[in-house]
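Scroll down for the structure; my scribbles are underneath it.
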Amino acid sequence: MTLRGLYAITDSQLLAGRFLSHVEAALEGGVCLLQYRDKSDDAGRRLREAEGLKKLCERYGTQLIINDDAELAARLGVGVHLGQTDGPLTPARALLGRQAIIGSTCHASLELAEQAASEGASYVAFGRFFNSVTKPGAPAASLELLEQARARVKLPIAVIGGITLDNAAPLVAHGADLLAVIHGLFGADSAQEVTRRARAFNALFAS
């Protein structure tokens, strides 16, 4: 499968009271990958929300991945995204199988990306590229890093960190395969605006 386009990431606080409606609005606009990201300890709610997302993703033909929780991903039969503090990638690959999508956070490090590739990652994620609401203290990444990664890492490259429709085009031009977006997508005031933004992000890959 080709990993290229909009990579939507949920935020349970940002989407409070409109979780499934705004996610479905994004899916209507076109989402390549949807990541369920919830850092709470409410395992029951996380399972219910993830199950709801899986049903939506199946309806729209979108791949669902879970942030930081390989066991929940295995329970649902979906992929996982692992940060640098979430444990090694190899056990997750063994748990989820060869076909599962597994992503790895690499911050601004080509070495981490090459290590992730050697351990069986499906894609690598660099960032933050701009000021991030979700992770304001994350290491800064650059367009030069993106170009170097494009030459050295033979995997799809996701970019994250403060990405909006106003600043995303240069990232695609310099080799990004996936635009990972939270607030720039789900911060919209209406479901219709979420759909419009999703379509606009995807249009950047068509030009």
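Each Cβ is built from the backbone N, Cα and C atoms, and glycine gets one as well.
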Recorded 4-amino-2-methyl-5-(diphosphooxymethyl)pyrimidine site member, picked from T2, T105, T164, that accompanies Q35, Y36, R37, D38, K39, N67, K135 in Swiss-Prot: T105
Between D68 (Mg(2+) binding site) and Y36 (4-amino-2-methyl-5-(diphosphooxymethyl)pyrimidine binding site): CA-CA distance (Å): 9
Which same-chain residues, if any, lie at least 6 apart from Q35 (4-amino-2-methyl-5-(diphosphooxymethyl)pyrimidine binding site) yet have Cβ under 8 Å of it: Y7, A8, I9, T10, L64, I65, I66, N67, H81, A180
Max pairwise CA distance, angstrom, over record-listed 4-amino-2-methyl-5-(diphosphooxymethyl)pyrimidine binders Q35, Y36, R37, D38, K39, N67, T105, K135: 16
Alpha-carbon spacing, D86 (Mg(2+) binding site) to T105 (4-amino-2-methyl-5-(diphosphooxymethyl)pyrimidine binding site), which is rounded to whole Å: 10
Rounded Cα-Cα span from T105 (4-amino-2-methyl-5-(diphosphooxymethyl)pyrimidine binding site) to D68 (Mg(2+) binding site), Å: 10
Neighbourhood of R37 (4-amino-2-methyl-5-(diphosphooxymethyl)pyrimidine binding site), C-beta criterion under 8 angstroms, separation at least six: I9, T10, D11, S12, N67, D68, I182
